[in-house]
Amino acid sequence: MNRFLAVGSSTLRARQKYSKSNSIFFQKKNSSSISDSNNVSTKHPNSDLNPPINPSSIKTNHTSNNTKFTHFGFETVPEQSKEKLVGNVFSNVAKKYDIMNDAMSGGIHRLWKDHFIRKMAPLPGTKLLDVAGGTGDIAERFLNFTSQKYNDTSSSVHLVDINPDMLNEGKSRFSGSSWEKNDQINFSLGNAEDLSFIPDNSYDVYTIAFGIRNCTHIDRVVKEAHRVLKKGGCFMCLEFSKVNNPIISEIYDIFSFKLIPEIGQLLANDRESYKYLVESIRKFPDQESFANIIREAGFFVSNPGYENLSFGVASIHIGYKL
Ligand SMILES: C[S@@+](CC[C@H](N)C(=O)[O-])C[C@H]1O[C@@H](n2cnc3c(N)ncnc32)[C@H](O)[C@@H]1O
């Protein structure tokens, strides 16, 4: 069975299950039972798009019965459901992940990732923790960089991901490689929000690429990054971000909301997953707000603390643990 078909159906089924069985658990954008003051259910005035959220909306919503809500794309779901819904998306796209990434970014994600590693400029012996590392794009680029530039065999990557299917794709990428033989790559199943199996002050660099927007509590992810980094260590995040140029932004919106779901439908018979991925980008904080979250976690962040790529379609955020 086509795995893309499966993701569409499973995500859709999950959405339908919530919306039918308990409407309070799956609120549509303009639902009145969730406070509009924190934007989660506020509709964009001029289109069908939601504006990016501000940091206060990342802290979840509460109702009188104390159920906490968060966003899954443009939908509002109970916090405890998000992880499973995100898990469904990635379990089912795992085998075709590169196609998905290429479709979402027009292939440009490869250039962004190359730039990300050049910016990191790792030295021999660097210990990298790559969280939400998925199929290993960042890990492989990192190891390529240190091997090719320094002929180095002492750098290492610990790749952590919450999803066993994505992790398995990562493992098979490195299977039989000299990096695997040299023990330069290791894998763990784990949640970015709770890396308690990793000691404090243990890594030189922490990376998270296109992963953090899928996490339920972004602030917890960044705090964990701060804990596990050594003093002087560097936090680096590559994530879809906010386009500031109004003309580019309009073109990007059309591409994202009209074309990407259609590409998903055409390539994979799966509109729903692609819709989630696009929506999740719009729900992620803008560059300044995210830089502040990194500061609040204790990192030193210079001004502005980020670099826009392709007009802000993506951005790289950096913070140092002093
Ligand atoms: C879009 S992929 C990015 C993969 C890889 N970093 C890359 O750039 O190609 C997002 C990854 O985040 C993972 N993920 C989502 N939520 C997570 C969490 N709470 N903790 C760890 N990984 C998570 C997913 O399983 C998926 O592998």
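The backbone N, Cα and C atoms fix where each Cβ goes, and this holds for glycine too.
TrEMBL lists 31-41 with the feature compositional bias 'Low complexity'. The region 'Disordered' annotation in TrEMBL covers 31-64. Marked as compositional bias 'Polar residues' by TrEMBL: 42-64. Residues or ranges marked as S-adenosyl-L-methionine binding site by TrEMBL: THR135, ASP161, ASN191, ALA192.
ALA192 (S-adenosyl-L-methionine binding site) counts 24 other C-beta atoms within 10 Å of its own C-beta, drawing on all protein chains shown. If you take the C-beta of ASN191 (S-adenosyl-L-methionine binding site) and look for same-chain residues 6 or more apart in sequence within under 8 angstroms, you find GLU83, ILE162.
Of all the binding-site residues listed (THR135, ASP161), THR135 has the fewest other CB atoms within 10 A of its CB. DSSP assigns ASN191 (S-adenosyl-L-methionine binding site) to a strand.
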